[in-house]
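Undergrad: The [4Fe-4S] cluster binding site feature in Swiss-Prot is assigned to Cys570, Cys579; the stated evidence is sequence analysis. According to Swiss-Prot, the feature chlorophyll a B1 binding site maps to His665. Residues or ranges marked as chlorophyll a B3 binding site by Swiss-Prot on the basis of sequence analysis: Met673, Tyr681. Residues or ranges marked as phylloquinone binding site by Swiss-Prot: Trp682. Residues annotated as transmembrane segment in Swiss-Prot, with sequence analysis given as evidence: 49-72, 138-161, 178-202, 276-294, 338-361, 377-403, 425-447, 528-546, 586-607, 654-676, 718-738.
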Amino acid sequence: MATTATRFPQFSQDLASDPTTRRLWYGIATAHDFETHDGMTEERLYQKLFATHFGHLAIIFLWASGNVFHIAWQGNYEQWVANPTGVTPIAHAIWDPQFGKAAVEAFTQPGGGGPVNAAYSGLYYWFNTIGLRTNGDLYAGAIGLLLLAAVFLFAGWLHLQPRFRPSLSWFKNAEARLNHHLAGLFGVSSLAWAGHLVHVAIPESRGQHVGWDNFLTTLPHPAGLKPFFTLNWGVYAQNPDTANHVWGTAEGAGTAILTFLGGFNPNTQSLWLTDMAHHHLAIAVIFIVAGHMYRTNWGIGHSIREILGAHNPPKGTPFGGLLGEGHRGLYDTVNNSLHFQLALALACLGVVTSLVAQHMYALNPYVFMSMDHTTEAALYTHHQYIAGFLMVGAFAHGAIFLVRDYDPEANKNNVLARVLDHKEAIISHLSWVSLFLGFHTLGLYVHNDVMQAFGTPEKQILIEPVFAQFIQASHGKMIYGMDVLLSNPDSIASTAWPNYGNVWLPGWLQAINDPNGFLFLPIGPGDFLVHHAIALGLHTTTLILVKGALDARGSKLMPDKKDFGYSFPCDGPGRGGTCDISAWDAFYLAMFWMLNTIGWVTFYWHWKHLGIWSGNTAQFNENSTYLMGWLRDYLWANSAQLINGYNPYGMNNLAVWAWMFLFGHLVWATGFMFLISWRGYWQELIETLVWAHERTPLANLIRWKDKPVALSIVQGRLVGLAHFTVGYVLTYAAFVIASTASLSG
């Protein structure tokens, strides 16, 4: 093993001995790239990563505890529970010695108590839904989370000790890990959550307090466990809450605990709590069964290696003979590559996070939250951006897998090798789809702008999204008059067995046709255009990422690319022909496309909902069909309140968002300085600054040992991208929150 370096970074003797500031930048950049550290073995790599998972969980629990604690300490939770639609939830108090009298007044809510920050996280709604009612409940939760964080920190430390370090074979035992994750993590946690909803949340929603003092003695259902053991489970669905049920009281409450109602509670405008308990119980059963499917020590169940080996349709069947070796070789390829596993996990989590954004408002699970428009907008935007980062990360680690871990011999002629073999077809198809979407969508928008500008708006090209309307109608939306499937009571979807036994959720049709609901919003020509603009963004981002990954090992222009590693700069033909970019450069380009695409997604969602919330849907419908409409009637019009947060006449409670809006723009613009200027400029700038520093009295008392050198090209791009990203998100966050909050008071 190499001798440990005596100064930062201790994990790299090579970097630690570098006489320039490169030591610091590269040290920070590679601190988490454990694979490249001195003396790293595969077993130590897995052990270190395993321990970091515990540290990561500890940080998450600590952060969550802080949120809960500050709401209990400085929030207004108990007052809010008494009037959830009339009181603004408080995240925490603000103490700032620079606040003048006007600022103190602006950020103090009616009733006094000093300046506070409004909560747009949705936590209040979650607490209320799951049965927490007092600050004491919140303090107990915060302390519980702190204790959990301590347990996880200890577990992380423990698993680094020689006696408790798992072996490499333990980490490579895929079947056991899959069983544990399916049954132990997903299954049992879903069962526990169903238990909490049934034993605590549902009784609290009906005005019956359940706490640590009585939860073991309070029956959640009058019939107890008798229906469970006599297989008379339908009893638990009988007598659900009525449409007149008043949240938190016995008025209009039923006794059911596991229902299949569908739709929303009209009082809270959220999913029925008893439906959600049923859902989690069903998920628990499915996952606990799934967690017993794979073969471990007992010689029963599936072997994933055997399944993958046999996963190849024989000749004469559909796709027969078209997959080569099929999935042979994939078991070891996936099981021996952490990057492959991480790429799969990030892709799945990215999709799930985007679905959460969508479902959290359309099928709102939290009581009264759909009436808090700012929180709805903040949560949608937050989850869509996170989904974007996760998806780009999935492709990045997929590319690193291909550079570092892919073994062509072990994957001969299997599906993975065949994807690489016909990458030209994949890339060219994505390319023409992107070109088609881009030119046609932009062409329609620009045509419509010209018609508006020339005074002939009736000549706009407006296309009804008939296929999307058909899909909405088939799910039961009546507004289009299409009479298809669920929107036609005589269709086979409505009458086929066993639907006469009322298998369709009875509340679904009412919910999807509620003019004030958010399920399957009515769509028209503006939606058609922006859907295709978003499709352009998604396909172009995918094109860049897929090309970057599939060309990561080599390409026509640069067949030996894998020998250069994952990240090298595209710097023109003068530096040895790195024109054909590295996978890192593809990731870098894709980040801009991802951010812009999610910009369009959130612009669309926000503008459409502002119209619904304000009762003026015509503005979106009429002005979203041309570009000036988006710039003028969405961005400019909704910035008006925001940029008047402070002006020559004073300030109001939007001032902090106005300041953040400006600050976000400045951070974003700073990024361009790094993105546009190349390396020579930075080196000259640094030399000049060092020269001035060394000749300035007092300043020249401070010296540094490392010789200052400019950032590398890749580092300059990274710094530029970081500023662009952070500034972009800060700017839009301030815009969404301030514009929505100003409209909804």
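The backbone N, Cα and C atoms fix where each Cβ goes, and this holds for glycine too.
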Undergrad: Would you pick out, from the binding-site residues Cys570, Met673, the residue whose Cβ has the largest number of other Cβ atoms within 10 Å?
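TA: Answer by Cβ density within 10 Å: Cys570.
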Undergrad: Below 8 angstroms Cβ to Cβ, which residues of this chain, lying six or more residues outside the transmembrane segment (138-161), approach it?
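TA: Same-chain contacts beyond the ends: 47-48, 50-55, 57-59, 61-62, 64-66, 68-69, 71-72, 77, 127, 132, 212.
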Undergrad: Do me a favour and check the Cα-Cα span between Cys570 ([4Fe-4S] cluster binding site) and Trp682 (phylloquinone binding site); whole Å is fine.
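TA: That separation, Cα to Cα, works out to 18 Å.
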Undergrad: Could you work out which of the binding-site residues (Tyr681, Trp682) has its C-beta surrounded by the smallest number of other C-beta atoms within 10 A?
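TA: Comparing Cβ neighbours within 10 Å for the binding-site residues Tyr681, Trp682, Tyr681 has the fewest.
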Undergrad: Using DSSP and collapsing to three states, where does His665 (chlorophyll a B1 binding site) fall: helix, strand or coil?
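TA: Once the DSSP labels are grouped into three classes, His665 (chlorophyll a B1 binding site) ends up as helix.
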Undergrad: According to DSSP, collapsed to three classes, what secondary structure does Cys570 ([4Fe-4S] cluster binding site) have?
TA: coil
Undergrad: Which of 178-202, 276-294, 377-403, 425-447, 654-676 shares the most C-beta pairs under 8 angstroms with the transmembrane segment (338-361)?
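TA: Comparing 178-202, 276-294, 377-403, 425-447, 654-676: 377-403 has the most Cβ pairs near the transmembrane segment (338-361).
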Undergrad: Which range out of 276-294, 377-403, 425-447, 586-607, 654-676 gives the transmembrane segment (178-202) the most CB pairs under 8 Å?
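TA: By the under-8 Å Cβ criterion, the transmembrane segment (178-202) pairs most with 276-294.
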Undergrad: Ranking 276-294, 377-403, 654-676 by Cβ pairs under 8 Å to the transmembrane segment (586-607), which is first?
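TA: Counting Cβ pairs under 8 Å, the winner is 377-403.
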Undergrad: Near the transmembrane segment (276-294), which residues from the same chain, at least 6 beyond its ends, have a CB less than 8 A from one of its CBs?
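TA: Those are 175-176, 178-184, 186-188, 190-191, 193-194, 197-198, 201-202, 237, 257-260, 301-304, 365, in sequence order.
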Undergrad: In whole Å, how far does the CA atom of Met673 (chlorophyll a B3 binding site) lie from that of the residue listed as 'phylloquinone binding site'?
TA: 10
Undergrad: Residues of the same chain, at least six outside the transmembrane segment (654-676), with any C-beta under 8 angstroms of its C-beta?
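TA: Residues 103, 106-107, 639, 641-646, 716-717, 719-735, 737-738, 741-742 contact the transmembrane segment (654-676) from elsewhere in the chain.
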